[in-house]
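Taken verbatim from TrEMBL:
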type	residues	note
ACT_SITE	HIS149	active site, proton acceptor
BINDING	ASP107, GLY157, TYR311	substrate binding site
BINDING	ASP184, HIS186, ASP272	divalent metal cation binding site
COMPBIAS	397-407	compositional bias 'Acidic residues'
COMPBIAS	421-447	compositional bias 'Basic and acidic residues'
DOMAIN	36-324	domain 'Histone deacetylase'
REGION	383-447	region 'Disordered'
Amino acid sequence: MDTGGNSLPSGADGVKRKVSYFYDPEVGNYYYGQGHPMKPHRIRMTHALLAHYGLLQNMQVYKPCLARDRDLCRFHADDYVNFLRSITPETQQDQLRQLKRFNVGEDCPVFDGLYSFCQTYAGGSVGGAVKLNHGLCDIAINWAGGLHHAKKCEASGFCYVNDIVLAILELLKTHQRVLYVDIDIHHGDGVEEAFYTSDRVMTVSFHKFGDYFPGTGDIRDIGYSKGKYYSLNVPLDDGIDDESYHYLFKPIMGKVMEVFKPGAVVLQCGADSLSGDRLGCFNLSIKGHAECVKFMRSFNVPLLLLGGGGYTIRNVARCWCYETGVALGTEVDDQLPQHEYYEYFGPDYTLHVAPSNMENKNSRQLLEDIRNNLLENLSKLQHAPSVQFQERPPDTDLPEADEDQDDANERWDPDSDMEVDEKRPIPTRVKREAVEHTRKDSVCFKL
């Protein structure tokens, strides 16, 4: 493994970037159930593309450490976390009241290894935040994360644990202000709700609005109390294309960066905003989607890239592979390399796919009105808020890497916010959806 992880200079912002990438080889084995659109296998497909394009050798590759109960309880309610830890497909019929209470059932089913899945994807996002806090990388990536709908006390929209909120809380230990940007087609309601009254976290969500899940994200929802004007919602209609999207994204995010001056940025890269998504209705190309990543990267602020939605899984893998290249500053060839999931990408076997000819229902007048409205709201933030730290949580220390140490999984730091849990791990039985592809150069840090 190349522990340098420096990327090549690129474009006008050609500064070398050090990228940390989190991936657990088991993540693709979790299975929501037959017919369910959420397929963790897409993470494994993404990883396979990264491996065969040779991008992994330009990053620090880490296997995330499992988030413990107490890590999850920094945001989630104790009884909800206890429920997630104890529920199994065999016992769910005995806990119907609890299932209803915590909104677990159809969209958010109980499946084998559910709690381990939550611990894994949350551990990757918090681990990325820790790396950024310690200045050990410029960009951290966890494509298994970005599950933005989960609430403090309930599951929602295929999301059980809100890894984004947990990662932001970690970043707030070091940074006075953190910016959250969401380009998933669905409103980032769980993250907005968590920080709705805070002036230390600004949330900006670009999403389909109007008779569409989760139903929130009106342009008039701007935050409350100290958080007033620190929530921005960009409501969009069907068929938005690259040009229309960037007409809003670039001036709005440019102004946000100027006014809010975040110490770190979290970008949720939900790929259901791509053209042709199984559940989506936007018309973005992969390059158009990735242009948002490139734009946020250009500010040279510590950046956490997360996954999210995305239900045409071959396009999800294409998108996140290309965006990893953008993070590194590496141009990726359009012709896909031969690899174990090559047949998913027929008949053209290319990285990029053409958007459709669907109608763009976002008129120029509508876009102008949205842009003017949001820029006016941003003008009401005169300057970045000053923050006094009180009872600041201790920094999470990282041990030095020792890849020759056989018991790497046993290393931990007694002062860490992510250490070895005293509880016995729950044995997990995971349905295998496809053959596992494991990289031997993944290492596990106890963060």
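Using the three backbone atoms N, Cα and C, a Cβ is placed for every residue, glycine included.
Unlike curated records, TrEMBL annotations are generated automatically.
Here the features listed in TrEMBL are painted onto the structure.
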| residue | record | CB count, 10 Å |
| --- | --- | --- |
| ASP107 | substrate binding site | 17 |
| HIS149 | active site, proton acceptor | 27 |
| GLY157 | substrate binding site | 21 |
| ASP184 | divalent metal cation binding site | 26 |
| HIS186 | divalent metal cation binding site | 27 |
| ASP272 | divalent metal cation binding site | 23 |
| TYR311 | substrate binding site | 20 |
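Proximity note: of the listed recorded positions (ASP107, HIS149, TYR311), HIS149 have a CA within 10 Å of the CA of HIS186 (divalent metal cation binding site), given in sequence order.
Mean pLDDT for the domain 'Histone deacetylase' (36-324) in the predicted structure: 98. Among the recorded positions ASP107, HIS149, GLY157, TYR311, the ones whose Cα sits within 10 Å of the Cα of ASP272 (divalent metal cation binding site) are TYR311, in sequence order.
Of the recorded residues, GLY157 (substrate binding site) and HIS149 (active site, proton acceptor) place their C-alpha atoms 6 Å from one another. Same-chain residues that are not part of ASP184, HIS186, ASP272 yet have a Cβ within 8 Å of the Cβ center of the divalent metal cation site turn out to be ILE185, HIS207, GLY270, SER273, LEU279, GLY280, GLY308, GLY309, GLY310. Taking the C-alpha positions, the distance from ASP184 (divalent metal cation binding site) to HIS149 (active site, proton acceptor) comes to 11 Å.
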